[in-house]
Amino acid sequence: MESEEAEVAAAGAASPSGGNVTSAPKKRGRKPKSKEESQTQEERGGKMKESGKKTKQEEQSVDEKYTQWKGLVPILYDWLANHNLVWPSLSCRWGPQLEQATYKNRQRLYLSEQTDGSVPNTLVIANCEVVKPRVAAAEHISQFNEEARSPFVKKFKTIIHPGEVNRIRELPQNSKIIATHTDSPDVLIWDVETQPNRHAVLGAATSRPDLILTGHQDNAEYALAMCPTEPFVLSGGKDKSVVLWSIQDHITTAASTDSKSSGSIIKQTGEGGDKTESPSLGPRGVYHGHDDTVEDVAFSPTSAQEFCSVGDDSCLILWDARTGTSPVTKVEKAHDADLHCVDWNPHDDNLILTGSADNTVRLYDRRNLTSNGVGTPIYKFEGHKAAVLCVQWSPDKSSVFGSSAEDGLLNIWDYDRVSKKTDRSAKSPAGLFFQHAGHRDKVVDFHWNAEDPWTIVSVSDDCETTGGGGTLQIWRMSDLIYRPEEEVLAELEKFKSHVMTCASKP
């Protein structure tokens, strides 16, 4: 563990070096700008306006909604931890569970720090204390300081990243192995346990990736996925292509060239001063079919050879590596604007979710994707007021998923509830049963915790509102919200009887 001084020093991290950094602002987060960039910001127009400063009226509305939400925290949540960041983070992911105890479990948490260049960009490995269900006191979870770090989140290790971290994905077969996207054509692979802990100060050399995946012809910034069944990696980029690798290919090569190899993807990683280059690996396949930047990719839950992708051409494409490098199915106009995100249901390999700049989430069935070449979703979920940035199915219930957007909301939906919509809930969109409103600006990423049911980590780009670098929140809604109604009513009745009995005692 770092000392407190080192933790503070390392709490901001990012290198002005790194890939082919473009001058255009990012869609999914606010990149800290130098004075020169700030002066020319207005000239860029277009999408820049979307991430500009809020009007006083908008700020007041956000504050009012946030104040109202905070007052409801003891009722809505079983547990909530609020962690103010020093620098913005564009991605957050759960790592392996480390320890189980009576009242809480300890688990790895991965996040990034996107700085202004005064200190290097970093990949942060943290230890998180996840409080177990029905343990936290209601008054305790509501008494957090927006401008403070959470005692539940402790930095464990810092990796100095070559360029800012746009996306983090963990390998399901070994969640200590993670992949990152930065502003370059390459995918970087890291073994977070063997990587040395670095002190993030200006001028420090970047950490050396354990493996570099090559194959893109232009920057690949966001689209990144790891296969649930085999150690395969998938990426998409500005070159309009989808690229597939197998980490197994590197293990096989390493084993044949090094008799001492133990089959790990890792070779001894030196400190920053070590000039030894990282090994690189070429792709198994490059897939062409998009007409614009590929924004997100996802594997089938049952096959490493089947995957899908979405992009700024408004298309959803399904691929099968066994049939070649051309699309199996191309869904034209899957949305009415750029597609930002996609996720394949881990419980039902026919269901695919997409999220878009048209503010909607759409649910597709792969058996019936199009009608006359145009996308025909099973259902359109309309609950966001701004571009949807991230969608993810719940690992705990097959019909439940989350969506986060630039409106600062993280919505939790249940597709099974769409057909059961009643007049009583007519004011809310069909299927929407929970809104996490604890973030005060765009929610750029979130991740369900597969080790701890119904627990979510989410990160937002609300630097101006919080006076910090954004907000990381770890939360779990009350189980009274999602459990079967008859079960909840029975428990409440039992609780009522208990209270009446206690009240009647002298």
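Each residue, glycine too, has its Cβ placed from N, Cα and C.
Caution: TrEMBL annotation is automatic and unverified by curators.
What TrEMBL records for 1-63, 257-287 is region 'Disordered'. Look at TrEMBL and you will find 8-19 tagged as compositional bias 'Low complexity'. Annotated domain 'Histone-binding protein RBBP4-like N-terminal' per TrEMBL: 64-131, in sequence order. Sequence annotations record features per position, and here TrEMBL assigns compositional bias 'Polar residues' to 257-267. What TrEMBL records for 287-329, 332-365, 381-414 is repeat 'WD'.
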Within the predicted model, mean pLDDT of the repeat 'WD' (381-414): 97
Helix, strand and coil residues within the repeat 'WD' (332-365) as assigned by DSSP: 0 helix, 18 strand, 16 coil
DSSP-assigned states of the repeat 'WD' (287-329) in counts, ordered helix, strand, coil: 3 helix, 20 strand, 20 coil
Residue distribution over DSSP helix, strand and coil in the repeat 'WD' (381-414): 0 helix, 18 strand, 16 coil
